[in-house]
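Features reported for this protein in TrEMBL:
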type: DOMAIN; residues: B:73-264; note: domain 'ABC transmembrane type-1'
type: TRANSMEM; residues: B:12-34; note: transmembrane segment
type: TRANSMEM; residues: B:77-98; note: transmembrane segment
type: TRANSMEM; residues: B:110-130; note: transmembrane segment
type: TRANSMEM; residues: B:142-164; note: transmembrane segment
type: TRANSMEM; residues: B:185-207; note: transmembrane segment
type: TRANSMEM; residues: B:243-264; note: transmembrane segment
Amino acid sequence: MRKRTQILSVVLAAAMVGGMLAGCSGTEKDAKESGAGGDSSKTTLTIMHMGTDEAIKNGDIESIMMDKAVDNFKSKYPDVELVEEIVSQEAGYETKLKTLAAANELPDLIMALPSMMGSFYENGQIQDLTPVLEANQEWADTFADGMFGDYTFGDHILGVPRCSIVNHVIYYNKDIFAKCGMDSFPANEQEFKEAVKTLKENGYIPLATGNKGKYAIASQVMPGILMKFNSNEWYEDVKNYNGASFEDESSVEAITYLKELMDLGLFNEDVNSLDPVQVRQMYYDGKAAMYIEGSWSVSNLINEASQEILDNTEITVFPPVKGKEELKGQIVGGQGWGISLREGLADDQQEAAVNFLKEMSAPEIQTLLIEGGSLATAKEVDYDESKLDPLFVKFLDMYNSYDKIVGCPEVQLSTAYMDASYVGYQEMSIGSLTPEELAAKLQEAHESAKKQ
Amino acid sequence: MTIKNTLQGMFKFVVNAVLLLFSASCIFPILWMVNSALKTSNEFMQNSMSLTTHPYFQNFIDAVQSSGFLECFLNSAILGFINVVLTVICALVAGFFISRYNFRFKKAVYLLFVSGMVIPMLSLLIPVFLQFKALGMLDHRWTLILPYLAFSLPFAVMLTENYIRTIPVELDEAAYMEGCSTFKLLTKIIFPMCSPITAIIVITSFMNAWNEFPFSLVLINDKSLRTISIAIRMFNSEHAINYPLYMAALLVSILPILIIYLIFSKQIMKGMTVGAVKG
């Protein structure tokens, strides 16, 4: 009797588990058949990006641009089913992307940072787009010079840019500077140091910064300073392991300069607990004399700041270093998040994916970018100057006054380096690392990527 | 006597003042959220600490109407409800048999359940994704039930096993002698006696499902199947956030937990003090 009950239990349990799995898998198959890949005559393409509805409503130009590109593609290529998965960065875009990569399940079109592209390519997960660009020379020629800089790894181009960015833009309130006895922005690093002291003494936050996500100091503040102390050639040598190192004197000098500024009270006290969006408010309230963020924030300021603040706002970057005036034409920028193609696409998918990339950089999108307050990727952009906001015009003037765009280490180097730098600068800001120790840590992380 | 009374009065006043300040510090973030949710975005960006002068209730409407919020809310509510029902049934049954019966591998079974509490959830993310992918279980309305049940059961089984052990076996024996079946013993005697811990299991398993984020992010692609924890974070993008709308959405999202807590609060208090005093 007992034995029969045991056998019956086992059989019932097995039937339950079996039924559950069959039920689940069956329904997923049904869902796929009726959903994404439902129409067998259509080519299906999957894309994962960050252009959420909320970001679009809030005027984020990079999200608006992706949305427009997707819409244009869908109407131009009705025979292609473009399945979007949209996850905001705060909702864990990177976590999801890395998990999918670890499981070798990346979507067909992937929005990724250059630092991720290198490892994806080494693992055979994304394509080298060089042959694609060579086969579509006319399209490739529409891009401005250096637009593939962030995505170039040796001889391989692993991504196509959505827009162009400047990693750090300093917005400063000229009225506050004038009240503190400064008629113009500091002309060199020593004057900048003095300005920080003066602003602090007058009760202002010198440079409002939101480092909660750890990237603000590492990928916006620091590269801006680093590239005023070091040449692009030095950086290329570091990047390509050609003898230069983050432990070189000029690099340590730059990190030490940042540490000195931190000790003078450059940042708001809660720098490590607020995000960039929260600290913008300090600038809007007139509590901060300067505010730093990437060039994408120009459109945010235009939408959010009061007219009085906008009228008093000027745009610049960190001043040159005395004795290193030859580097003053350098500005840190690049392309940031770009789009890569999954390795192993079927022929029809490959064609559709390339068409999407072309649509993403079409003239209409370039115009949208510029008129929305962002830098475009094309050599020539047709836009209506009267539609440009005065603040964006100031930004363009500033941008055009620089002649050399230098890459940002946190964007271009490995994820190991990026992680070390994110944590390292935060640790230095709370005094648990010296500049020399940080430089050694950065170099060690950079070297570790080479060994892999 | 009068001096003693005055001193006692002063002492009480100071103690109450300190407690009041402490309570205020706890309630302040919630009040700030409510105040912020009633501002317009521009008003908030100008001064985040100021009191709202013209309450802007539209934020709540916009939050609920924003793309997919209501759908995600319902998805989480359904998942939470199913998780609660399954966890309570499985935990009570498992807890009863582990505590009352001696069988081979009893300790191993108990250890297997309880070990779930020490395994970091994130370390399971990729293996579970691969497993679900292989079994074709991704992106389905019921996809998240199994992981949620698995995360809720260890604590629930431990709780029930410990609690049922404190119920005298004589009760079971008396019931059997009266001709009661095991099923009736469970449903009519043991389970009703477990109501204090059942309340705790209900709230913890609901919260597990309601707040869970990484598995929902990775196992679900379909926008219509997303959960509330994902929907909330969608309000927060890297470069642009409408904070008042975000706060309104957050306030709406904590309502179910609040309601469940209010319903079961008495039982929870009882559950927490169970076994504290033995007479």
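For all residues, glycine too, the Cβ spot is worked out from N, Cα and C.
Only sequence-distant pairs (6 or more apart) were considered; of these, at least three Cβ pairs between the transmembrane segment (B:243-264) and the transmembrane segment (B:12-34) are under 8 A, so the stretches are in contact. Tertiary proximity for the transmembrane segment (B:185-207) is limited to same-chain residues at least six positions away from its ends with a CB under 8 Å from its CB atoms, namely 80-81, 83-84, 87-88, 91-93, 96, 148, 152, 155-156, 159-160, 163-164, 167, 171-172, 175-176, 256-257, 260-261, 264, 267-268, 270-272, 274.
Long-range contacts of the transmembrane segment (B:142-164) within the same chain: residues 79, 82-83, 86-88, 90-92, 94-96, 98-100, 110, 113-117, 121, 128, 132, 190, 194, 196-197, 200-201, 204-205, 208-209, 212, 215-216, 219-220, 225, 227, 274-275, each at least 6 residues beyond the stretch ends and with a Cβ under 8 Å from a Cβ of the stretch.
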